[in-house]
Each structure stands twice: as C-alpha cells, then as structure tokens.
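Below is one structure, written out as structure tokens; comments come after it.
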Amino acid sequence: MAMPVFSLVARRLAIHRISSPFTALRRASTKQSGPKLQIKKAITEPAPPLLARYPYVYIFYRVFKYGVGFALSLHIFAEYFFSLNLGQGMSMSPTLNASGDWMLLSKRYRRGRDVAVGDIISFKHPVDQYTYSVKRVVAMPGDIVLRDSPDTSGQLIQIPEGHCYVVGDNLPWSRDSRMFGPLPLGLVKAKVIGKFSTSEMKWSSLRDGGDGGMRPYNPDNDVD
Amino acid sequence: MPAFLPPWRTLAAGAFWITGTVIGVNDYLLEITPIVGNSMQPTLSPQYYTTGARDTVAWHKWRPAGPDLRRGDLVMYTTPHRGEGSAVKRVIALGGDTVVLDKRRRPGRDEDGEPKPSERTVAKNWDAMAPKVVVPYGHVWLEGDNWRASKDSNHFGPVSRSLIVGRAMGVMWPPQRWGRPWEREAGFAGKTKVVKGREAVPVEWEELVLGV
Amino acid sequence: MAPLVESFPASQLTTRVQYVANGQRRKPPVDLKECELMQMIQHRCDLDGPRFDPRSKVVCDPVLRLFRKCSDKLTVETTDWEDIWDGTTPTPKEK
C-alpha cells in the first residue's frame, strides 16, 4: 500500500494530532457502514490505543530507545574501531603535549597486533587497573633493550614472549617499563595514529611514531 | 509489527539490536564459555581427555578484579605469555602476600618429567624467584589445580589484575555439576603455601593510584 | 614486577643475542654488524619556570638511542655497544 510520505512520518512520531489533507480524506472515506468500517478503522488508526492515551510516554520511549541505540553504536565503534582522546601529562613531551593535544586511537592494534618498535600505544596500566597510559614501544618480544634510561646502568634485558617494553619520550618524567617491567601485550588497547594540536591547530600523523619514531640512522641527527 | 515497515528494515534493525546487546552484555556483564584442557582438573572438566565432556562456566565480567576478588576464586585472564586468547586459573595469592613455591610446579619439564628445552629461561627465572615470591601490588598469583599440566604464575610470574577479564560465577552445564565445584570439593588443597600480607600501594605509585 | 628478567651488560651483547627469549639458540647466528642501523630520539624535558605558571615553557634536550634491526622479529638496542665493537663512529648502512 503506497503511503504519502507526510503521514508516514507523522505515524512514526505518533504525533497523530497533526492532521494532513491525506488523513482527513481517509477519515472522510471511512464513513461507511458495516464490517468495511471496522477494517478500515483498524488500518488507518495512527497508533495503538495505549499510545494514544499516553503520547508523552510514547515519545519518551522513542527517545530512550534511540538514545540506547546510539550509546550501543558508540560503544562498539570506540571499543573496536577508533576513538579520540584528550591527553596527557608530561610523560610523552615533546611528542604529545601536556594538554590540548587530541589523539586519534586505532583499536585495530589491540593486544599488540601489528605493533612495531617505535609505535605509540595506549594500554591498560599493569599496576592500576582503572587507568590507561600512552607510551612509546621500544622493544617487542625477543628484542633486547636497555632496562633503564640511557647513560645510567647500561644493563640490557631480553623481552619475554608475549610482552613489550614501553618508555615515555620524556625520560625523567615518565613512569613506564623502567618501573613496572615488561608490559604484557594483552594490555595493549590501541595505537596512536595521529594527533591534533589545539595550540597549533594542526594535524600530524603518528602512524610511524612521528619524529621520535624508529628511522634509519642519519649522522646529521647526531646529538652528542 | 506495524504494517507499513518494509521487512528488510526490520531485519536490519533487529540485527543491530541483537548484535549490539550481545556484544555489550558479553563485554561488560556476563560471558559463558566451555572449559577445555586439563590444567584445572579434577576441579573443572575432569573427563575432558577421556570422554570429551566439558563444564560450561558463567563469568562475571563487570570489574572482575575489584576489591571483592578472593583467594580461591577462579578467574579468566589474558595470558601474559601470549597476548591473544585467555585461560582459566585459580587465584592463590593477592598483592602483598608471600608465596612459598611448590617444587613440583617448577617449569622446565613436561608431563612425563622429561626436560623441556623451550622452558629453559622460565626454569631459570623460577629458580631465581625460589623459594619465596612476594606478590607485587596490583598483581595476583595464579595456579592451575592440575600441577602436572598447568602454565601459570610458575611460568610467567605474578599476573597483573588488569589482565583479569572475568570471575567465575558457577558451572551452568552439565546440570549434575551445577554450582561452584571449586568451592564444594572439600576445600582446595594445593601444596603452595601462602603467607597472607597486606596489599599496600607502594610509594612510587601513590600519585598514580591514589591521585595524591 | 612480573616477570623477573635477567639483565646483562653491553659487553655480553654479541653472545646473548644468539638466544631467543625462551633460552633456545637462534638459527642461523646473528651478526649485529650486518643489521640495519636505526635511531630513535627521546628527550629530557623540564619546565623553565614554576609549574603552574602559564608562561613556563617546556624545554627539551634530545637523547639519541641506537638500534640494530636484524629482521621484523629482532630489534636490538646498541646505544652502549656501537662504540665498543670497533671504536669508530657508526656510518649509515648503504641500501
């Protein structure tokens, strides 16, 4: 049965008090006698009797339903696809600034899938289960890396299977694997693939780790 | 169903609601899984390698490792030695406790007692921990009831609470095993001794954990 | 924290790199000098003024870390080793 679009919309919102020329026409045409009247009445009544009596309840129910639907979609998207987070603290300076940097996180890298040395990741904290942290990966399973900061103990460790080693770019201000040891890959939630700086109004990709990422050695960059 | 809604839209809407709700519930509230493998025998799935019969357990997934986590609870956790996949073990000790290691559980040998070269490093690490381990803050010590065949804290050390994704509520199937068999059976009697301690936030983590 | 990991100095690096994490030997043996030399720059940053003063700026000194990437599955930090294997400044590897 073809329906005029206007009355279809009016039905969906149950605001059946809005009359349209079409509804009036139909109402007029149902003034017939006998069973036909009953059938037509059932088909053309805009909403069930309950909803006709409590239109506000019905509107509330619709709003609530769409609200829950939206929240569910948002949860699935943010949990399994992408999310935007405002960081951060000074532990990742100068790559990610203390405030005003929005990070784009990709959840495809959950559990360390496709994560490489030099990537910046977001993970559930191994000591405080109610916190998430963002740090740079400096070693993956089997790799060998300095246990402490450069120019301190000089001790190297080999990362056990299933773990990585994370160190914040701002070495003196960051609490990371130098304090809590190798990080289980199962705690990795996302990779930071880009940031938007509100101070510079500029977007930068961090897919390859940005300026602090791992790149072939260039003697022009030698700093000592 | 309102007559004016085309069937394909109803199907799509229904699919969205069912999928969304299942994912939401599974992630945050409740998950039901079968127990395969023998690391928790005889407590769970005791006939798994003979008849293939397995217990199906319901998991509480909302804040499973909160302050109400008890010694003796069964937990589902993401394995530290392999970031994908989860396993089921028993919580033997909490942060602050001292675990006196059970020599029978030393890694490095397979079920028949033959040396296992792929566990050379974990065996060395176990020896370095022995005879006692103090479980750090925010971590737990996990062990499988079957000491002969269990990859647990004896292999990968204390496990962070953040890795725990579920806490066992009860066996759902088969009906004869309904309930909490891990508590029913004359109390759990493993040989690993635990000296209970207090789980205090270490000074270096006070700022993060307590926000001071 | 967990798990306990044994540490060693850079002087043992060429021997230790021949073993994988579980203790077994790598096949074939690894020669670090043949692996691509990589760098990563981290920093030592501090505020040049009082903490809650909006005029205080973050000032950073770069810290160079050197690595040898032998394969997708093996990256080794050689920050403390590059100057002991033959005493010369490392040169970028020709591709």
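Each residue, glycine too, has its Cβ placed from N, Cα and C.
Quantities reported herein were computed from a predicted structural model and do not represent experimental measurements.
According to TrEMBL, the protein carries these features:
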type	residues	note
DOMAIN	B:15-173	domain 'Peptidase S26'
ACT_SITE	B:Ser39	active site
ACT_SITE	B:Lys89	active site
REGION	B:102-121	region 'Disordered'
COMPBIAS	B:108-121	compositional bias 'Basic and acidic residues'
According to DSSP, how is the region 'Disordered' (B:102-121) divided among helix, strand and coil residues?
8 helix, 2 strand, 10 coil
Using a Cβ-Cβ cut-off under 8 angstroms and a sequence gap of six or more, which residues of the chain neighbour B:Lys89 (active site)?
B:Ser39, B:Met40, B:Leu74, B:Val75, B:Tyr77, B:Leu142, B:Glu143, B:Gly144, B:Ser150, B:Asp152
How about long-range neighbours of the compositional bias 'Basic and acidic residues' (B:108-121): same chain, 6 or more residues beyond its ends, C-beta under 8 Å?
148-149, 155
Within the domain 'Peptidase S26' (B:15-173) only, compute the mean pLDDT.
90
Structural state of B:Ser39 (active site), classified by DSSP into three states:
coil
Please report the number of other Cβ atoms within 10 Å of the Cβ of B:Ser39 (active site).
23
